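Going by TrEMBL, these are the annotated features:
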type	residues	note
TRANSMEM	A:6-24	transmembrane segment
TRANSMEM	A:31-47	transmembrane segment
TRANSMEM	A:53-73	transmembrane segment
TRANSMEM	A:94-112	transmembrane segment
TRANSMEM	A:226-250	transmembrane segment
TRANSMEM	A:256-277	transmembrane segment
Amino acid sequence: MARGLAGVHPAVGFLFFFGAAALTMFFAHPAYLLASLALACCYYFLLKGRAGLRFFFGMLAFCLLVGLINPLFSPRGERVLFTWLGGRPYTGEALFYGMTLGGMFLAVSLWFACYNQVMSGDKFTYLFGSRAPALSLVLCMALRLVPHFRGKARRIREGRRCIGKDPAGRRRGERMQAAMEILSALMSCALEDAALTADSMNSRGYGSGPRTRFPRYAAKARDGFLGGWLLVCLAGAAVCGAIGGAGTFGAELPPFGAAAALGLVFEGGFLAVPVILHGKEAWTWRILQSRI
Amino acid sequence: MAHFTIENLTFAYPEAGKNALQDVSLQIQEGEYLVLIGKSGSGKSTLLRHLKTALTPHGVRSGRVLFSGKPLEEAGLREQSAKIGYVMQDPDSQIVTDKVWHELAFGLESLGCDQRTMRLRVAEMASYFGIQDWFHRDVAELSGGQKQLLNLASIMAMQPEVLILDEPTSQLDPIAAADFLNTVRKINLELGTTVILSEHRLEEVFPAADRVAVLEEGRLMALDTPRGIGRRLRAEGSDMVAALPAPMRIFYGAEGGGECPLTVREGRSWLSREMEGRPVCRETPPAPLEEIPAADAAVVLKEVWFRYEKDAPDVLRGVNLQVPRGSLFAVVGGNGAGKSTMLKAICHICRPYRGKVLLEGRKVEKYRPDELFQGMLAMLPQDPKTLFVKKTVREELLEMLPGRGGEEREERVLKIAAELQVADLLAQHPYDLSGGEQQRAALAKVLLLEPKILLLDEPTKGIDSFYKKTLAEILAGLKRKGVTILLVSHDIEFCAQYADAVAMFFDGGVVTANTPGRFFAENSFYTTAANRMSRHLFPYAVTADDVIRRVCESRGEGKERIRRGERQ
């Protein structure tokens with residue numbers, strides 16, 4: 001069920017999210033930010049559906065708050081909207097600055113939320129594991145240990161409760177002691193398991209010579225094309241945006257020239273890729289179904 | 001040609017008083033299915049570990065092991081890893097990585113396989129073992145049976161010539177275990193892989209095995225075909241007879257004629273021949289379970305509903321149960337049916353959102369926690385290891401008696417240790433004990449609370465048939481003292497033999513409860529091997545002893561003879 005960006009080679013996915021975060025963070029021009037925000041929202045809701053509403057509104061409220069609070073701390077600026085606390089000015093410039101900051105924060109966190117949905121841990125290790133095979137193995141073993149130990153700790157706690165050694169509702173010292181006991185039991189478990197896992201690794205030839213890697217993802221022509229398109233757009237957006245002055249993070253609306261407009265087109269072409277991929281797949285399915 | 005040749009192997013662990021292996025000589029042929037049996041602690045694992053250099057324990061050794069005619073050490077780590085596959089007991093700790101696909105590929109990665117071969121082999125194995133549906137899953141999401149199957153598959157991906165399995169099913173429920181052993185059989189038959197397996201669940205492996213080796217205190221006592229082994233054990237009067245499959249036990253107990261049956265099917269036809277021309281008395285069904293007044297019930301559950309999370313499905317869906325005071329009450333049922341959850345609800349670890357749990361007529365939530373667990377209720381969880389938090393068994397037991405005088409504590413600990421036969425183990429670390437010993441130590445710990453109601457979750461998991469007998473004696477002793485015991489188990493043979501009443505748990509509730517005789521006679525699949533084998537003649541015979549008694553009675557043999565048969 002790898003759909004949209006989740007179905008392409010992890011290198012392409014990583015390039016996209018890297019670019020999306022970079023573009024959003026470097027180009028603070030409201031037009032750029034709005035484009036990024038709009039596409040991030042689109043993609044986020046395509047991925048999460050209604051389940052994403054809670055996170056989205058939470059983040060939105062937080063970012064609006066950031067924007068509204070900023071003028072309270074920074075009194076600089078000429079256009080005073082009102083004064084408060086005995087003459088402290090609340091200025092338009094500071095509000096604008098705060099809103100830019102909030103918008104950027106919202107867009108970046110949405111992109112990261114999408115990243116978490118699309119780029120699972122094993123994709124990351126796949127990408128960067130070839131440089132350090134031992135490290136990537138350690139990483140994926142560690143990923144296994146977290147749920148493993150959480151489960152073990154839960155079972156030990158339940159075991160303690162079975163024999164009336166439940167720390168809840170006791171004095172603080174006793175609770176501390178109970179927690180230490182569980183921790184030490186968990187340590188013994190961990191050592192015991194580690195010895196067995198080491199046996200299992202040895203017995204399956206670990207350390208018997210150079211390792212290879214299971215080719216989980218194969219790069220296809222489509223990935224090359226997509227990667228090329230992303231690179232071109234990213235470069236275009238970077239160059240044109242920089243020339244057009246979209247990178248200035250200020251209290252005023254920066255000028256919006258031809259270069260900046262062209263940069264915006266490039267940025268749109270870059271950030272819209274996952275939404276388009278999703279849309280295209282949905283559309284293809286529709287057509288396929290209607291033919292049946 | 002011999003695949004493995006073991007010549008006069010003697011081995012002792014460092015600082016151990018006696019040899020773990022004593023002069024073992026054994027030849028294992030190519031493509032053979034060899035089963036290794038013996039009590040726990042008889043040296044099965046030690047012997048198996050000598051068949052792979054990477055796993056060979058440290059210690060003093062003499063004799064040698066040849067692999068395909070050459071000393072085992074001469075084969076390098078890589079060659080041994082590829083050719084000798086080894087599956088261990090614990091499904092969990094053998095797994096190295098976090099994803100199913102990665103686990104399958106792990107061995108091949110270590111062997112430096114090229115990518116094309118790796119893809120093909122992993123795809124092959126996933127298809128052969130039916131793993132393709134969970135190929136992309138996290139290993140943490142799998143059940144115990146699935147994990148062990150994954151361990152087997154990831155070994156088989158390396159295409160070994162020999163497959164060594166060290167009690168691979170001891171942590172699995174019977175259905176998953178049968179599934180696993182069938183897969184091993186299929187590998188042996190279809191791929192010709194040599195299989196060397198140690199087991200204490202003999203019902204499934206005996207019919208599949210070519211030869212069986214019996215280890216006793218590190219010595220190879222016998223090596224023969226399954227039937228030959230049965231004959232020898234019987235002739236020597238060994239207590240290993242109790243571990244044999246039910247059809248064999250009945251055959252020897254009743255001193256039948258003809259060839260010894262190994263499977264239920266063979267047992268049925270043997271029994272029909274044996275009983276031909278003899279009168280089969282019409283049996284009156286045993287008494288059904290009596291309805292008891294609520295005042296006589298130690299534990300009562302009324303319409304108990306429970307779920308783990310708000311949006312999760314219900315696990316308990318209106319459980320109704322009455323456990324008579326002073327009885328051994330068993331609840332059987334499939335995996336994940338909610339049996340353990342029911343026990344947790346009785347302990348108040350899980351709080352039902354509807355319904356009542358009464359202990360001795362009083363609601364469980366009305367008890368103060370210290371009141372509940374001091375002299376009223378105690379539970380032995382499924383994994384006895386989770387009860388251990390100290391460095392020695394003695395400390396574990398002392399932990400249960402806080403705030404008492406030093407001498408009195410010592411005395412009580414020694415007393416309970418003697419009762420549960422763990423007195424020799426008091427100085428050991430709980431993790432160094434074998435499965436059965438851990439179970440006993442944990443039970444000792446639980447019994448120090450002197451509960452009136454004892455809850456046991458799968459007490460026979462991972463223990464051999466000898467300790468099962470000991471456990472039954474311990475439970476009988478507790479019952480005599482008036483303790484009410486409620487156990488949930490997959491082990492129908494154990495429940496049939498020792499329980500006073502058996503209930504079936506299904507779909508979040510207790511479907512039916514009855515005496516074992518009635519209960520198992522009414523089931524046709526979910527019943528003991530002895531019952532399946534003899535139900536066409538003796539519908540109410542549930543245990544091997546029941547069948548032996550009836551066969552002897554039909555021959556008109558006396559009480560003395562019957563008792564001798566039952567002792568077998």
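Just so it is clear, glycine is given a Cβ too, placed from its N, Cα and C backbone atoms.
TrEMBL labels come from automatic prediction, so no person has curated them.
The model shown is predicted, which means the values in this text are computed figures rather than measured ones.
Counting Cβ pairs under 8 Å that are 6 or more residues apart, the transmembrane segment (A:226-250) and the transmembrane segment (A:53-73) reach fewer than 3 and are not in contact. In this chain, the transmembrane segment (A:256-277) does not touch the transmembrane segment (A:94-112); fewer than three CB pairs sit within less than 8 A of each other, excluding pairs fewer than 6 residues apart. Among A:6-24, A:53-73, A:256-277, A:256-277 has the largest number of CB pairs under 8 A with the transmembrane segment (A:31-47). Through the fold, the transmembrane segment (A:256-277) approaches residues 4-5, 8, 16, 19-20, 23, 27, 29, 31-32, 35-36, 39-40, 42-43, 46, 114, 118, 226, 229-230, 233-234, 236-246 of its own chain, all at least 6 residues removed from its boundaries and within a Cβ separation under 8 Å. Only residues 6 or more beyond the boundaries of the transmembrane segment (A:53-73), in the same chain, are considered here, and those with a CB under 8 A from a CB of the stretch are 41, 44-45, 81, 84, 90-91, 94-95, 97-103, 105-106, 109-110, 113.
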